[in-house]
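Visitor: Dumping what TrEMBL says about this protein:
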- 14-57: domain 'PG-1098 N-terminal' (DOMAIN)
- 314-357: domain 'PG-1098 ferredoxin-like' (DOMAIN)
- 358-429: domain 'THUMP-like' (DOMAIN)
Amino acid sequence: MEGLSYPSRTMPYYTPSEIEHILALTQQYQTTSPERVLLGKGAMSREERTLVALQLSTRVALSRRLPRWAEVGAFVPSSLALEQCSSEEAAEYKRRFAREDDRLLDLTGGMGVDFAALRAVTAHGVYVERHEELASAAAYNLPRLLPTQPSEVICGESLELLPELLERYRPSLIYLDPARREGGDQHRRVYAIEDCEPDLRELLPRLRSLCTSLGCTHPRLLVKLSPMLDITHTLQSVPYVTELHVVAVRGEVKELLLSLDLSLEEAMPEAGAVTITAANLLGSERPAQIFTQPRALAHEGELTAIYATELSTYLYEPNAALMKSGLFKTLAETFALKPLHPSTHLYTSSHRVVEFPGRVFEVRAVHPFASSTLRRLGRELGAAQISCRNFPLSPEALRAKLGIKDSDTQTLFALTLSPSTPLMVLCHRL
């Protein structure tokens, strides 16, 4: 570790010895509840009690989210930092964008999880973070995670330091994790790239211009974005994008990744020309489900869907990453499946597609959605898992009408078949 650099400050928020002291106290009080530590009396100061209680209260989450970090005894600077950082699986997925000879520059360091994953496979790394508590925690944690791969940790405003950082380090790979801009409507579930800071639409032309004036090679960029962003709008708004990855962890979409190349002659290639990858990470015990389509949006727009008129032997449910990607017709074409309806996003076939990126079910029975059927079906089922897709009732409302309990032994899909036929399909997951 080359040390913790402070362009405008002289002392770190926490020194390594202070962090060691907090972790030693945490070990001493490991059988004590965080609440008792906070309310206790004794030799610890109020700040020490707060930090020890924080370590105790985040132990389980740290072990679950970042097992390697927990193994080396990492220091957690705040519960929010742990909550907002990438999981270990999602961070390690990003290594596919790095090269062994890369000089990595992380402009939004945060807790350092993504930086550590990328630094493990690059030649050099510089971490920049404006918040002192996060930077000092990274300066403590990174040498323990990567003892043979030194990194430089800088506390400062990366955008203010950008010319100096580019000239000094000549990065070949820049990592960015833009945050949702403060002061906006924080309750909106869907927001746009314009609501993030730094604003990529302003940063990227500046970055390219600085590289040109300094005589630097134009770097590649990897940008992590919220899964709530609209994919089409994002690709239409952000220049130099070559790839977009939708990353889900165990069936829940966690982030969007943009791969950018500032050496491209055309700043705004057609959104439809971008390669889209949908990745569903399933842990070390199972291989990831990864689906890649070049010219993804353009290809999707060129296809015509042929919808099923009845259910065949098998029913297919795409994983969450594919659902977010919107490549529904492409999926049907790739695996020779028939979609059930434009808004149902389920598929059927008479042959089983083992490699389908999602859940596969065998159809056991198909029932019309009618009052008489509901009463009889409820008596026959007794218990089932219910999934409603493009259906007039919610799973809770349908369960109440059927009068059945929850169970994972069988699945009842309530869905709409093209053109507008509501059905209840009893399935067994394969």
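Cβ from N, Cα, C; glycine included.
Since the structure is predicted, the reported quantities are computational estimates derived from the model, not experimental observations.
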Visitor: Report, as numbers and ranges, which residues of the same chain sit near the domain 'PG-1098 N-terminal' (14-57): CB under 8 Å and 6 or more residues beyond its ends.
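Guide: For the domain 'PG-1098 N-terminal' (14-57), the list is 73, 75-79, 133, 136-137, 139-140.
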Visitor: Count up the helix, strand and coil residues in the domain 'PG-1098 N-terminal' (14-57) according to DSSP, in that order.
Guide: 31 helix, 0 strand, 13 coil
Visitor: Pull the DSSP breakdown for the domain 'THUMP-like' (358-429) and write it out as helix, strand, coil residue counts.
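Guide: Going by DSSP assignments, the domain 'THUMP-like' (358-429) contains 19 helix, 34 strand, 19 coil.
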